[in-house]
Amino acid sequence: MEFTKMHGLGNDFVVIYGEKELPSDAAELAIKWCNRFFGIGADGLVYILPSEKADFQMRIINSDGTEAEQCGNAIRCVAKYVYDHGYIDREQITIETIGAGVQPVGLTVEDGKVSKVRVDMGAPVLDGLKIPTTIDQSPVVDQPIEAGRSGFRFTAVSMGNPHCVIYVEDAVHFDLASWGPKLEAHPFFPKKINVEFATVKDREHIDMRVWERGAGPTLACGTGACATLVSSVLNGLTERSAWVRLKGGDLFIEWNEEDNHVYMTGPAAFVFTGKIIE
Ligand SMILES: N[C@H](CCC[C@H](N)C(=O)O)C(=O)O
């Protein structure tokens, strides 16, 4: 079985192209292949599948074996994969995901290879019960939450997958490991949640670090960057477009007022291809 290792700002994936549908043992394969010591090593396992509604369908399994509805960094990798391999020759394509349906994707091509990808990530879901949270409010903004003996205030946003955004003094040096797991599995969140810790630097720049549901600390999270921008607008902290600066690099995020869609622009990269022996 051939695979390709790719990443979006250091959020890395094992990418499989050629299957007709999601294998029934995808969860077990994700746990095995994402393991950074006994396997290939990655934050997630990504399948590029045929679609009846779009050019391709993307399915994403976290390294703990749980399937996610959406993945911003992975969708940019999928777009680069299919164009650079010649499976599509258009610079405007569509990719279907569980969490956001058919998503328009714009490719920037330089010397015949994709250098940048702009993805329509769809409209954010702000209704508390649909995110989902147990909080029957819409939107869920600046709400108190306890973790251990500490209290935080959070804003919840779904980009097809759920996110909890918390503003802190210094996101870059924040102790993710102490608080990420407790908040990921907090009783407020029936499907668990991705947790973003953010520091707004100015109205167009946000530092963010992420503890991902099903994957732990990653170098970047595309949907998390989108959720952080939406949260920052809801809290009156930034303009409707801003740079979200992650450990692995920067994403440009826009929340368009006319169509209410969030647009994410950033890179994607190949690392190596390989063959899985057993
Ligand atoms: N761990 C996430 C999926 C990956 C999202 C992230 N890697 C991105 O780039 O959006 C979840 O369970 O919702």
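Placed from the backbone N, Cα and C atoms, the Cβ positions cover glycine too.
Small disclaimer: the values here were computed from a predicted structure and weren't measured.
Listed in TrEMBL for this protein:
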BINDING   ASN11, ASN62, GLY72, ASN73, ASN161, ASN194, GLU212, ARG213, GLY222, THR223  substrate binding site
ACT_SITE  CYS71  active site, proton donor
ACT_SITE  CYS71  active site
ACT_SITE  CYS221  active site, proton acceptor
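The structure, with features from TrEMBL marked on it.
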| residue | record | Cβ contacts under 8 Å, 6 or more apart |
| --- | --- | --- |
| ASN11 | substrate binding site | ASP43, ASN73, ALA74, THR218, LEU219, ALA220, CYS221, GLY222, GLY248 |
| CYS71 | active site, proton donor | GLY44, VAL46, MET58, ILE60, THR97, ASN161, GLY222, THR223 |
| GLY72 | substrate binding site | GLY8, VAL119, MET121, MET159, CYS221, GLY222, THR223, GLY224, ALA225, CYS226, LEU251, MET264 |
| GLU212 | substrate binding site | ASP43, ASN62, ASN194, VAL195, THR218, CYS221, GLY224 |
Given the recorded positions ASN161, CYS221, GLY222, and counting only Cβ atoms in the protein chains shown, which has the most within 10 Å of its Cβ? CYS221
Can you list the residues of the same chain, besides ASN11, ASN62, GLY72, ASN73, ASN161, ASN194, GLU212, ARG213, GLY222, THR223, whose Cβ falls within 8 Å of the substrate site's Cβ centroid? ALA68, GLN70, CYS71, ALA74, VAL210, ALA215, THR218, CYS221, GLY224
When you look at ASN11, ASN62, GLY72, ASN73, ASN161, ASN194, GLU212, ARG213, GLY222, THR223, which the record names as binding substrate, what is the longest CA to CA distance in angstrom? 16
